[in-house]
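Here the structure is laid out as structure tokens; the discussion comes afterwards.
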Amino acid sequence: MNVADSEVVASVLGEEHYEVTNDESEADLVLINTCSIRDNAEKRIWNRLDALKHNKKINPELKVGVIGCMAERLGGKLAENKLVSLVAGPDSYRKLPGMLTMADKGDPAIDTELSKEETYAGILPKRLEENAFGGFVSISRGCNNFCTYCIVPYTRGRERSRNPEDVMSEVQELINTGHKEITLLGQNVNSYHYKTDEADIDFPDLLKSVSKLDTTVRIRFTTSHPKDISDKLIETIAENDNICNHIHLPVQSGSSRMLKLMNRKYDRDWYMERIQKIHEFIPNCGITTDIFCGFHDETEVDHQQTLSLMKEVGFDWAFMFKYSEREGTYAAKHLKDNVPEETKTKRLQEIIALQQELSIKSNKADIGKKFAVLAEGVSKKSDQELFGRNEQNKVIVFPKGNYNPGDYVQVKVFDCSSATLKGSLVE
Ligand code: 5AD
Ligand code: SF4
């Protein structure tokens, strides 16, 4: 999401003749696009600001700004750091040129106003990664779900769906510039809904239209909320070959009691029913998730339920975290952060160890199977090997042969670790 937002920022500033550099020491302006989801994400930014003091010593003209969720959350507090002369929240990027002029005059420029309408319509993002074969397109902004632990609805504001015409033209632009895989982005893509007098478009409609633009280009999407993943969506994935058979479906916890405290609006049975439906319609679908442990009042029984759900689903991969209390959320006000740090650490270790086993099991089951892999680059270990991903989003390393990054390659898997498959070329 932040990569996509940084591309909007690069486009806005590009109009003002700013150019992007990959060499930090060359920059006159450093904008740090931030995440507030957990405390450690914010700690990294404070460290980054410390490190930039050195750059400022070498280049006294250097301007530093903080943008994104942390800017939204902390506003003026960030500008107390002498290095920071600009603070812009996620809905303020159109105003950046004016803000930079203001910062030039000496006062820090701060804008953290959230908007109910801003979708950056009419701004064609400037792609930051040259030679990339995958690109991101935002389809919605913000979130209305108010999971009790989560800061996102406060930092990114209310949910807004983007005009489908803008989405389609951004996807087309990526296709025209040689991208082979496009990921549609939103905090909750399944609640995408664009309604005018002429049109009434939901996420499966949009996904299908996008996938028809060029059937040789793969389409992915993230993130899906389990409460909103409809039969229509599952069927749309099943029916369209270039929509990847992979669903990232954050479960958060396997305990219905915890899910209620989290305000997730589904329970374990609902989640398991959705998984069954996915298996039924898309037998080879990759399923990945987000899980976090140690939320308010989580007991050993709740934790065991998370482990048992993980086994029952057999996730291919998971992002796993410890609960981090975020100031301003419902949980920070009403649901005490009362699981001791050692317990959180122990539970997270158990979750990670189990996922390791599940990933190995899932990968071993792929040995002997053939996959179409989009080659993304040269393997770190050998320049005679390429790496890429299959539809299920698993990384596969294979011999280079006559192929180049950007090619689709047929690969047969013969070995694996928990993180990677190894394959040979299928002639
Ligand atoms: N603490 C820990 N993890 C969190 N997530 C969201 N908020 C928190 C929090 N306060 C996790 C959820 C979400 C992912 C993006 O981050 O698992 O799906
Ligand atoms: Fe946060 Fe819940 Fe919205 Fe995801 S759905 S961004 S976890 S509030």
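A Cβ is built for glycine as well, from the same backbone N, Cα and C atoms used for every other residue.
Automatic prediction, not curation, is the source of TrEMBL annotations.
Per TrEMBL, these features apply:
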type    : residues               : note
DOMAIN  : 1-105                  : domain 'MTTase N-terminal'
DOMAIN  : 129-361                : domain 'Radical SAM core'
BINDING : Cys143, Cys147, Cys150 : [4Fe-4S] cluster binding site
DOMAIN  : 364-427                : domain 'TRAM'
Listed in sequence order, residues not in Cys143, Cys147, Cys150 with Cβ within 8 Å of the centre of the [4Fe-4S] cluster site Cβ atoms: Asn145, Phe146, Tyr149, Ile151, Val152, Pro153, Gln187
Chain-internal residues, separated by at least six, CB under 8 A from Cys150 ([4Fe-4S] cluster binding site): Ile37, Cys143, Arg326, Thr329
Segment-level pLDDT (mean, integer) for the domain 'TRAM' (364-427): 96
